[in-house]
């Protein structure tokens with residue numbers, strides 16, 4: 001993996017302009033602060049704060065520790081920057097992840113080693129999802145470097161690089177700032193690298209430096225912009241020519257959107273291509289929400305054996321399929337069981353195009369390729385017409401008897417009715433992956449989940465960050481009880497921030513997704529009184545309302561209250577269901593993933 005480390009001890013950084021890309025591509029036009037510049041504010045801490053505001057970060061998620069306290073003072077002092085204290089570093093990282101999914105970049109601040117090694121799991125998840133995230137760590141006093149001293153918050157060795165070495169594998173750039181002379185350049189380079197590569201970066205700042213004025217910070221930071229990446233024009237034209245020939249001779253081609261559409265900023269280009277060619281359009285599960293589901297040729301989620309009804313049949317029977325930004329891992333391929341053939345596929349990655357078993361074209365940007373291809377393809381609606389002929393509308397869950405125990409399919413029928421362009425769905429790792437995939441997203445409805453990394457508990461922090469970033473949408477989070485127990489504390493931060501998220505806590509007594517892969521007593525968890533826990537966290541401060549429901553009648557009443565009388569509150573609805581009440585997709589997926597995990601060693 002290609003990573004870059006900056007430290008005054010061993011790297012001479014290049015000079016040059018730096019900058020950022022806005023969330024949706026193009027060159028940013030970032031405006032400098034209109035606040036009059038005061039030389040007493042010409043400090044490292046205020047420079048970092050101004051840069052965060054310039055790139056679109058207005059909320060920073062933090063956990064205080066003695067090495068970062070002075071830095072936090074300077075972040076708080078910056079107009080337009082809101083410091084949000086979290087209950088633990090892991091949730092601060094998850095919150096920055098959720099924030100970046102909406103704003104295009106997120107940031108968190110923790111303390112040295114004990115904080116850094118706690119947040120690193122969230123940073124790894126952001127790396128896996130191509131999210132630009134600025135992870136800032138308050139480091140040791142600059143005078144302690146090279147002294148052979150042993151510091152607290154370390155493992156007791158006079159080596160301060162343990163944390164740095166850990167972050168080298170999950171960030172694309174690392175800056176250790178322990179000298180003011182180089183701080184300006186190192187910070188700017190780190191931030192611009194995060195935005196250029198759409199990955200997290202690590203910035204360690206010695207605890208005695210943030211408050212010291214320095215000539216390099218003696219003026220307002222100059223607004224900066226990165227020149228957009230460009231395709232190799234000859235390669236682009238050759239790729240378009242070869243792809244057009246490949247697809248135009250196909251009888252029933254299809255298009256499938258993958259999760260790397262986000263990092264390529266190519267969602268609109270993908271839709272433009274779909275409009276022009278008439279092919280049916282599907283999404284891989286981790287790309288749900290990246291293209292509009294109200295598109296006239298949308299046929300659902302392609303996920304092998306657990307696809308939306310009739311979607312896999314159309315995709316896998318096609319004689320040519322274009323995948324834009326796919327990730328084929330064991331989960332997305334349902335234990336490597338997809339019925340696809342390489343010679344029928346065009347694989348479009350953010351900067352590369354592979355056509356069948358034939359040529360590969362590098363230095364070709366996905367957005368440019370899709371837009372160029374849209375002008376070269378013949379209209380072909382054959383595959384969509386086939387889909388239309390075989391399609392049978394979905395049925396509805398059986399009607400519940402009065403006071404009958406609530407079923408999961410009934411719950412998600414009610415959640416479906418709650419969705420609009422003013423809502424966003426966060427799906428936790430587990431059976432919510434499968435149930436939320438079946439939701440039909442109205443125009444403008446957001447959708448996020450973490451499939452590549454799949455860290456249970458991600459959704460609590462991510463919901464906090466996402467809701468903070470999109471104040472114009474009401475977030476609906478679907479979280480299993482096992483996942484909730486990992487990160488429950490930051491419900492507290494949601495209440496303190498005045499968020500009005502609706503959380504459906506699905507209480508089925510354990511790690512259901514693990515049960516379907518490999519069952520055992522370790523998948524059963526201690527049941528909590530979840531509503532009482534949230535009430536205790538609420539403690540009469542802020543707006544929070546809880547309800548525990550056992551049947552459809554109670555669920556309907558709870559939703560009516562959450563969307564009516566309590567619409568300005570954080571609403572926590574505990575939904576008690578049977579431990580074996582799972583989606584049919586999880587049953588199928590779990591057995592196939594179990595088979596993939598259990599393959600015997602190859603003969604030596």
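Placed from the backbone N, Cα and C atoms, the Cβ positions cover glycine too.
Heads up, TrEMBL stuff is auto-annotated, nobody curated it.
These come from TrEMBL:
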{"type": "BINDING", "residues": "481, 508, 510", "note": "Mg(2+) binding site"}
{"type": "DOMAIN", "residues": "43-148", "note": "domain 'Thiamine pyrophosphate enzyme N-terminal TPP-binding'"}
{"type": "DOMAIN", "residues": "240-357", "note": "domain 'Thiamine pyrophosphate enzyme central'"}
{"type": "DOMAIN", "residues": "450-575", "note": "domain 'Thiamine pyrophosphate enzyme TPP-binding'"}
Cβ neighbours of residue 510 (Mg(2+) binding site) where a neighbour is any other Cβ within 10 Å: 20
Helix, strand and coil counts within the domain 'Thiamine pyrophosphate enzyme central' (240-357) (DSSP): 39 helix, 24 strand, 55 coil
Protein Cβ atoms within 10 Å of residue 481 (Mg(2+) binding site), excluding its own: 25
Integer mean pLDDT for the domain 'Thiamine pyrophosphate enzyme TPP-binding' (450-575): 95
Secondary structure composition of the domain 'Thiamine pyrophosphate enzyme N-terminal TPP-binding' (43-148) [DSSP: H/G/I, E/B, coil]: 50 helix, 22 strand, 34 coil
Neighbourhood of residue 508 (Mg(2+) binding site) by C-beta distance under 8 A, where only residues 6 or more apart in the same chain count: 431, 480, 481, 577, 578, 579, 581
481, 508, 510 excluded, remaining Cβ within 8 Å of their centroid (Mg(2+)): 480, 482, 506, 507, 509, 511, 512, 525, 579
